[in-house]
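A.B. asks: Before we start, here is the structure in question, set down as structure tokens.
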Amino acid sequence: MLGSYRAELLKLRKRSAVWVLFGAGLVLSLIFGYLLPYLGYATGDDNPQTDGVPRAEILRGMLPERVIDNTIGGYPIFAGALALVLGAIVIGGEYTWGTLKTVLTQRPGRGTILGAQFLALATTVALWVVGIFAACALCSVGIAAAENGSTAWPSIGNLLQGLAGGWLVLMMWCLAGAALAVAFRNVALPIGLGVVWILGIETLLAGVVSSLLPGLKWLANALPGSNAGSLVFTVTDMASSDAPPGVRDAVSGGRALLTLIGYCAVFTALAVWTTRRRDIT
Amino acid sequence: MDALVEVSGLTKRYGDTLAVDGVDLTVLPGEVYGFLGPNGAGKTTTLRILTGLIAPTSGTVRVLGGRPGQADVLRRTGSMIESPAFYPYLSGLDNLRLLAEYAGVARQRIDEVLELVDLADRAKDRFSTYSLGMKQRLGVAAALLKDPELVILDEPTNGLDPAGMRDMRRLIRELGTDGRTVLLSSHLLGEVQQICDRVGIINSGRMVAEHNVDELRGEQELVVRANPKDQAQAILTRFGSVHQYDDTLRVKVTPDRAAEVNRVLVEAGIAVSELRSTERALEDVFFELTATEEKADVG
């Protein structure tokens, strides 16, 4: 298992698409978490971009105490979509390149190979989260120093809870991409379907249920995006009014945590079951 | 001698299509076994079953005493099934490195196999930049990485230039003499004739023959056109059985005795106007067997 894990890490480390996805996630977090708010803050109270929010409040949102909000605020939707693409390209690539047969005719069994792939993906996602956190932390320290703001940090417990919650959200989407890639033995279709689901269908469903079919609220609240948003909402200090898209107080944090773990287990089980049973043609 | 590969009544069905139909196949230790058949005959499907990539619909398959796909069987088997498939963004070296990680193979073995297939100079180039022949050689290197007892190669000379084909034939022959067992699938019959000890011929999913190459090609003969014919026939019986065919004599004797036959006839005062060996090429046998099968199918 350790050898297979090292092999999977080598593949991920040397694949430029993995770095491009990480870079996209990082840039999005920094632009929406720091660059745009700082431009709004720097251009003064009269700037319509601030939408009447006091400058002090904008500054507070960029200081170290809110670093977790800026690190994981985009995870339920935007970074989630990138994580889904990661899972789809890593697992689907094995089918499109035909490398699955090469790998499966080595020594480890199919379950072991897939386990190693998921473990390597989990490691990569953890490094993404830590990398984005480090970049956000640097920005917040820089802004605090430049604007004489507070350099108080969240407690270690809150930091760890926030980073772990963010990792779980990304991992759930990553495994969704991987399970779709196994199902379709492809890269493009899982990405298309997954991204449309994350960016469009869940939001549409939530809107339709809330306005037309309130009786189906339980269904909307069971969807992966709702629970991802709820977990992020719980582990950050955001208020509903300033939460980014996808982050909302739909269900309790505990329920969201269990639901996301359940989705991870289901996606993993489906991928392993299918891979073990299917002919590699 | 225990067979390394024992296949009995192997069948693989995809919906209504019978890809492999009751195939029996035996590969003995240390031999180079040629698995022949036209495109779509069921060769690759059978090899995929032997490597555990696909499950048979029915029949029994034993590879190295175990079930195909078992960890211990895979550890002792090296294979290249269909076209070589590697990660295009990695170098040849990195592709082998990660396969070595999966298989638990020491890194020094990577250098050995790269030298063996003459790819050491280009090992650090990306796989996507390789020519078809280089990809094929990397596939063979990967198959040999585990220093396996059984090597399964599916069309290993595909895409190679004549020199590459010659080197590959030499390599496969060396693998056989090295104590390894090689199961080689090909539709290049000349190649198989040169390097294989035994062959199995599959057509439309059914095994139509499994023999030594020489057995399959039949006994070799010398064709002699001589005058006077009766006197020549009497002399030629010393070398082997003789029969007349048109206006020639056919002697069951190996071609390496042609000079001796010629000398004896000339010393007896017989005029020899033609002396040549006749042997069926594997290609002739192959087309006979596969054509017979096709006729039977039509019938």
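Placement of Cβ uses the backbone N, Cα and C atoms for every residue, glycine included.
Pulled the feature table from TrEMBL, pasting it below:
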| type | residues | note |
| --- | --- | --- |
| TRANSMEM | A:16-36 | transmembrane segment |
| TRANSMEM | A:72-97 | transmembrane segment |
| TRANSMEM | A:118-144 | transmembrane segment |
| TRANSMEM | A:164-184 | transmembrane segment |
| TRANSMEM | A:191-213 | transmembrane segment |
| TRANSMEM | A:256-275 | transmembrane segment |
A.B. asks: Are there at least 3 C-beta pairs under 8 angstroms linking the transmembrane segment (A:164-184) and the transmembrane segment (A:191-213), leaving out pairs fewer than 6 apart in sequence?
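C.D. replies: The transmembrane segment (A:164-184) and the transmembrane segment (A:191-213): touching, yes.
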A.B. asks: With pairs 6 or more apart in sequence, are the transmembrane segment (A:16-36) and the transmembrane segment (A:118-144) linked by at least 3 Cβ pairs under 8 Å?
C.D. replies: yes
A.B. asks: Quickly jot the same-chain residues contacting the transmembrane segment (A:118-144) by Cβ under 8 Å, restricted to those at least six beyond its ends, or write none.
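C.D. replies: Counting only partners 6 or more residues beyond its ends, the transmembrane segment (A:118-144) has Cβ contacts under 8 Å with 5, 8-9, 11-12, 18, 22, 25-26, 29-30, 33-34, 38, 59, 62-64, 66-68, 70-72, 79, 83, 86-87, 90, 150-151, 163, 166-167, 170-171, 174-175, 178, 268, 271.
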